[in-house]
Amino acid sequence: MDPQRSPLLEVKGNIELKRPLIKAPSQLPLSGSRLKRRPDQMEDGLEPEKKRTRGLGATTKITTSHPRVPSLTTVPQTQGQTTAQKVSKKTGPRCSTAIATGLKNQKPVPAVPVQKSGTSGVPPMAGGKKPSKRPAWDLKGQLCDLNAELKRCRERTQTLDQENQQLQDQLRDAQQQVKALGTERTTLEGHLAKVQAQAEQGQQELKNLRACVLELEERLSTQEGLVQELQKKQVELQEERRGLMSQLEEKERRLQTSEAALSSSQAEVASLRQETVAQAALLTEREERLHGLEMERRRLHNQLQELKGNIRVFCRVRPVLPGEPTPPPGLLLFPSGPGGPSDPPTRLSLSRSDERRGTLSGAPAPPTRHDFSFDRVFPPGSGQDEVFEEIAMLVQSALDGYPVCIFAYGQTGSGKTFTMEGGPGGDPQLEGLIPRALRHLFSVAQELSGQGWTYSFVASYVEIYNETVRDLLATGTRKGQGGECEIRRAGPGSEELTVTNARYVPVSCEKEVDALLHLARQNRAVARTAQNERSSRSHSVFQLQISGEHSSRGLQCGAPLSLVDLAGSERLDPGLALGPGERERLRETQAINSSLSTLGLVIMALSNKESHVPYRNSKLTYLLQNSLGGSAKMLMFVNISPLEENVSESLNSLRFASKVNQCVIGTAQANRK
């Protein structure tokens with residue numbers, strides 16, 4: 001029998017589903033080789049698609065006017081299975097749009113031919129009973145059976161063709177309905193989105209309107225409170241207005257009274273102006289007289305200082321310090337002056353005994369007394385304030401334009417540094433001449449500012465150690481740097497001397513001066529000697545350059561004030577062995593004695609009016625050249641020790657001071673322009 005293609009096979013050749021179709025029972029006998037997929041596997045494959053398709057109806061419920069397609073007709077089941085079993089059950093009205101689109105876009109697949117049944121297999125009987133097996137020789141019976149079977153197969157094929165046609169019609173209707181439902185669903189979803197957007201917009205507008213209403217209600221409440229407050233304030237302002245009106249009336253009455261008084265005052269002012277002009281003229285005349293009196297005071301002050309001598313010598317004896325032996329009675333005597341004990345002492349008597357001298361009887365010779373007379377002698381009980389009171393007028397001469405030089409001379413440990421700088425601890429009673437002199441200058445300059453004078457002060461502080469000039473105001477990195485300090489003239493043809501690489505610090509108050517003195521005290525060279533635990537081994541020179549100006553009269557003056565603390569010296573026993581430290585002290589002593597000898601030679605040369613004064617023989621005298629000349633005022637403090645062991649050195653110092661006191665260097669000249 002020629003095998004014919006079944007309509008179901010044609011459908012399978014044109015449509016290939018991704019999921020197995022609904023199993024349909026068939027009455028065709030099974031072929032020799034059964035299909036590989038079992039019915040239960042086909043049902044399992046359909047389950048996900050069924051759930052997805054049915055889920056569409058559960059998720060989105062769409063109401064449509066299209067009629068539903070009737071369900072597929074159930075195909076009666078037969079003993080065998082054919083390719084019609086692969087037709088899907090999801091061809092009803094619930095098929096999704098995805099299945100319909102997949103069916104439409106599938107490419108046709110070649111039809112699978114129906115396998116021929118084996119010759120050994122005999123299909124079952126229609127009644128379910130097995131036909132009896134014919135003998136092999138009954139070919140006619142076998143042919144009849146085959147013809148009957150063929151007839152039944154043709155009838156079943158015809159029935160299946162009809163069923164297949166019905167299924168195809170139902171499938172087309174379902175696909176059309178799915179497509180229409182998909183279109184309608186898309187339209188409804190778009191409409192739903194618009195409606196939802198409009199609803200959300202309406203909700204937002206409603207929310208905004210409610211917030212606006214709340215805000216307006218709050219503003220209304222605030223405005224009502226403000227209106228009440230303004231009404232209250234209006235009442236207060238009306239009360240205040242009535243009060244101000246009454247005050248205005250009172251002010252108008254007082255204004256009329258004031259205008260009358262003003263007229264009287266204007267007449268009085270005119271009279272006062274005339275009187276002021278007269279007073280101004282009188283004040284100008286008084287200022288002229290005051291200026292003349294000030295110049296006369298300066299002249300008389302200078303004349304008084306000249307009468308006292310341009311070189312004056314004061315002697316000061318320091319007190320005995322704790323731990324030192326008490327000097328014998330009569331070692332130092334201070335005879336009274338011509339006016340009796342009330343006059344300040346000006347004489348000093350020193351007693352010296354020489355054990356090498358004796359009488360013919362072998363008894364020691366009586367002590368020898370040495371009498372000295374100076375401009376002023378300060379006993380051990382004299383305080384720092386008493387000492388400064390004697391030199392205050394001399395210091396003030398520096399403001400008048402006269403160069404002034406004050407220096408302390410004496411042996412090591414005689415109190416020179418104490419006299420010039422003061423004692424440690426910052427006790428005001430122990431302040432030396434330098435801080436007291438500057439305080440006095442600042443005070444007098446402040447008083448003279450009322451007469452039109454303005455002063456400026458520039459300080460410098462150097463030491464001369466072994467004929468080397470060092471800056472005592474060097475700080476930080478400036479110490480030991482910048483080269484050696486040298487004494488130079490300020491400019492070509494200038495008589496003013498300056499120290500290179502040294503600091504010149506403007507000062508205007510006591511605190512600045514105290515800071516400079518503290519710094520210099522730390523930098524000064526000191527060493528232990530036989531006479532003093534800390535002995536100054538250098539000459540310290542504090543110089544204050546004073547510049548004054550009277551701008552309205554065009555007057556200028558300027559002069560240096562030099563305050564010098566000379567180095568102390570002591571004699572070394574030549575019989576002692578000199579170690580490294582003693583050799584260094586010996587070189588220092590030689591340099592100190594050399595500079596002090598040069599200072600004495602300079603003073604003697606000035607006193608003798610010699611043509612050549614050896615200023616350059618020593619750095620000390622060269623630096624003080626402008627303060628030692630004929631135009632300067634000079635004061636020498638000779639400091640001596642009260643101890644008996646220092647009598648020899650004290651006697652040498654007093655003899656040197658006595659020679660200086662006998663010198664006269666001429667009349668001082670003020671530096672004025």
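The backbone N, Cα and C atoms fix where each Cβ goes, glycine too.
The following features are taken from Swiss-Prot:
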{"type": "BINDING", "residues": "GLY410, GLN411, THR412, GLY413, SER414, GLY415, LYS416, THR417", "note": "ATP binding site"}
{"type": "COILED", "residues": "142-306", "note": "coiled coil"}
{"type": "COMPBIAS", "residues": "60-86", "note": "compositional bias 'Polar residues'"}
{"type": "DOMAIN", "residues": "310-663", "note": "domain 'Kinesin motor'"}
{"type": "MOD_RES", "residues": "SER6", "note": "phosphoserine"}
{"type": "MOD_RES", "residues": "SER26", "note": "phosphoserine"}
{"type": "MOD_RES", "residues": "SER31", "note": "phosphoserine"}
{"type": "MOD_RES", "residues": "SER33", "note": "phosphoserine"}
{"type": "MOD_RES", "residues": "THR359", "note": "phosphothreonine"}
{"type": "REGION", "residues": "23-94", "note": "region 'Disordered'"}
{"type": "REGION", "residues": "109-136", "note": "region 'Disordered'"}
{"type": "REGION", "residues": "325-372", "note": "region 'Disordered'"}
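Positions of the features from Swiss-Prot, shown on the structure.
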{"residue": "GLY410", "record": "ATP binding site", "contacts (Cβ under 8 Å, 6+ apart)": "LYS416, LEU566, GLY568, PHE637, VAL638, ASN639, ILE640, SER641, SER653"}
{"residue": "SER414", "record": "ATP binding site", "contacts (Cβ under 8 Å, 6+ apart)": "ARG318, GLY568, ASN639, ILE640, SER641, ASN646, SER650, SER653"}
{"residue": "GLY415", "record": "ATP binding site", "contacts (Cβ under 8 Å, 6+ apart)": "ARG316, ARG318, ASN639, SER641"}
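Secondary structure at GLY410 (ATP binding site), taken from DSSP and collapsed to helix, strand or coil, is strand. When secondary structure is read from DSSP and collapsed to three states, LYS416 (ATP binding site) falls in the helix class. Counting every protein chain shown, the Cβ of LYS416 (ATP binding site) has 27 other Cβ atoms within 10 Å.
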